[in-house]
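Asker: Below: one structure in C-alpha cells.
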Amino acid sequence: MNDVIRDFFKMESAGGILLVIAAAIAMTIANSPLGETYQSLLHTYVFGMSVSHWINDGLMAVFFLLIGLEVKRELLEGALKSKETAIFPAIAAVGGMLAPALIYVAFNANDPEAISGWAIPAATDIAFALGIMALLGKRVPVSLKVFLLALAIIDDLGVVVIIALFYTGDLSSMALLVGFVMTGVLFMLNAKEVTKLTPYMIVGAILWFAVLKSGVHATLAGVVIGFAIPLKGKQGEHSPLKHMEHALHPYVAFGILPLFAFANAGISLEGVSMSGLTSMLPLGIALGLLIGKPLGIFSFSWAAVKLGVAKLPEGINFKHIFAVSVLCGIGFTMSIFISSLAFGNVSPEFDTYARLGILMGSTTAAVLGYALLHFSLPKKAQD
C-alpha cells in the first residue's frame with residue numbers, strides 16, 4: 001500500500017488528479033447535510049481572519065511565490081531566455097488571454113456588475129493542464145511540454161499584472177510605503193549576493209502583511225519575493241532559487257492547490273436555476289474558456305508563424321498547438337481565484353454562477369483537450 005501511494009505522488013499527473021478529487025469532495029459535501037458545517041468551517045476566524053481568507057490570501061501567496069520563482073528561472077536560463085524561444089509562447093499567451101476576455105465582455109457588456117469578471121476566463125490552471133498532458137506519458141514531445149509550460153507561465157504573469165491593476169481595493173498609503181521599503185530590502189539582499197533564504201523569508205513575511213493591509217491583493221507579495229530570490233549561489237553552493245522551487249513544489253501541488261480547490265469549489269446548488277445557469281455570466285465564462293482560449297492561442301500562433309514573426313518549435317505541428325490551446329481552457333483554480341476577487345465581496349449569487357461556469361468550461365476543456373492530444377500525438381513513446 002505504501003508503495004502504491006509513493007508511486008502515485010511520483011506521477012506528473014498526481015497534482016491534477018488531486019485537484020479534481022478535492023473539487024469533487026467539496027461539491028459533494030456542499031450539497032449534503034454537511035454543507036452548513038463546511039461553510040461554517042471556512043468562515044471560522046483564526047488570528048483575525050477566516051479560514052477561507054487564510055487559504056486565499058495566505059497559502060495562495062506561497063503558490064504565487066512558486067510562480068515568481070518559475071518565471072524568473074525561465075527568464076534567466078529556461079524557455080524564455082532568448083527572444084527566439086520566448087516569442088512564440090508569448091504571442092500565443094496574449095491571444096489566449098485576449099480572446100476569452102472579449103467573449104466574456106460580448107456576453108456581459110450590458111451588465112455593469114457582471115462586467116468586472118472579464119478576466120475570469122483569461123486564466124489557465126497550469127497544474128491541471130500539465131497534469132492532463134502527463135496522462136499521455138512519453139507520447140508527448142518535450143518541445144510541446146515546454147511550449148505549454150512557457151505559455152502557462154506567461155499567462156500566470158499576465159494574471160498577476162491584471163490582479164495588480166484591476167482587482168485592487170482602497171489603498172492604504174502607509175501600508176504601501178512599508179511594502180515598497182520591504183521590496184527594496186529584498187532586492188538589496190539580492191544585490192549584496194545574500195544566498196541564505198532566511199533573511200528573504202523574514203522580510204517577505206513583513207512584505208506580505210504590508211500588502212495584505214494595503215488594499216493590493218496579498219498574493220502579489222509572493223511574486224515579488226520569488227523575483228528577489230537569487231538564481232545563483234556562491235561558489236560550491238546550490239542555486240537558492242532552484243532549492244526553494246524544488247522544496248515548495250510538492251507542498252503547492254499536493255497541499256495548497258487541492259486545499260484551495262476544496263475551499264472554493266464547494267458550491268451549493270440550492271437555489272441554482274437552469275435560467276441562471278444559462279445566463280450571460282456563466283455562459284460568457286464557459287465559452288470564454290472553451291472557445292476563446294483555443295481561438296486566441298491558435299489564431300495568434302498561426303498568424304505569428306505565417307507572418308514570419310516566430311517559428312513552430314521543433315517536433316510539433318499545428319494539430320498539437322490546437323490540442324494544447326483547448327487544454328489551456330482549463331481555468332479552474334486561477335479562474336476561481338479571480339472570481340473571488342471580482343464577485344466575492346459584491347454578489348454571492350454572481351460568484352456562485354461564475355464558479356459553475358468555470359467548472360463547466362474547465363471540465364469540458366480537459367476532456368476535449370485530452371482527446372485531441374490523444375488522437376494527434378504519435379502512437380509510440382517519444383525518445
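The backbone N, Cα and C atoms fix where each Cβ goes, and this holds for glycine too.
The transmembrane segment annotation in Swiss-Prot covers 14-34, 47-67, 87-107, 117-137, 146-166, 171-191, 205-225, 252-272, 280-300, 321-341, 356-376 and is backed by sequence analysis.
Help me picture where these features are in the structure shown.
Answerer: Within the same chain, residues 8, 125, 127-132, 134, 253-254, 257-259, 261-270, 332-333, 359 sit at least 6 positions outside the transmembrane segment (14-34) and bring their C-beta atoms closer than 8 Å to a C-beta of that stretch.
Long-range contacts of the transmembrane segment (87-107) within the same chain: residues 79-80, 115, 117-122, 124, 147, 150-151, 154-155, 158, 280-281, 283-285, 287-289, 291-293, 295-301, 304-305, 309-313, 321, 325, 328, each at least 6 residues beyond the stretch ends and with a Cβ under 8 Å from a Cβ of the stretch.
Counting residues 6+ beyond its ends, the transmembrane segment (117-137) has Cβ neighbours under 8 Å at 11-17, 19-20, 96-98, 100-101, 103-105, 108, 144-145, 148-149, 151-153, 155-156, 158-159, 162, 166-167, 252-253, 257, 281, 284-285, 288-289, 292-293, 324, 327-335, 337-339, 342-343, 350, 354, 357-358, 361-362, 366, 369-370, 373-374, 377, 381 in the same chain.
Same-chain neighbours of the transmembrane segment (146-166): 64, 67, 70-71, 74, 78-80, 85-86, 88-90, 92-94, 96-97, 119, 122-124, 126, 129-130, 133, 216-217, 219-220, 223, 297, 313, 316, 321, 324, 327-328, 334, 338, 341, counting only residues six or more beyond its ends whose CB sits under 8 Å from a CB of the stretch.
Through the fold, the transmembrane segment (171-191) approaches residues 199-200, 203-204, 206-207, 210-211, 213-216, 221, 224-225, 228-230 of its own chain, all at least 6 residues removed from its boundaries and within a Cβ separation under 8 Å.
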Asker: Residues of the same chain, at least six outside the transmembrane segment (47-67), with any C-beta under 8 angstroms of its C-beta?
Answerer: 41, 153, 156-157, 160, 204, 208, 212, 217-223, 225-226, 245, 248-249, 251-252, 256-257, 259-260, 263-264, 337, 340
Asker: The transmembrane segment (321-341): which same-chain residues, six or more beyond its ends, come within Cβ distance under 8 Å?
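Answerer: Sequence-remote neighbours of the transmembrane segment (321-341) are 19, 23, 56, 60, 92, 96, 117, 119-129, 132-133, 144, 147-148, 151-152, 155-156, 159, 162-163, 167, 217, 257, 260-261, 264-265, 285, 289-290, 292-294, 296-298, 301-302, 312, 351, 354-355, 358-359, 361-362, 364-366, 368-370, 372-373, 376-377.
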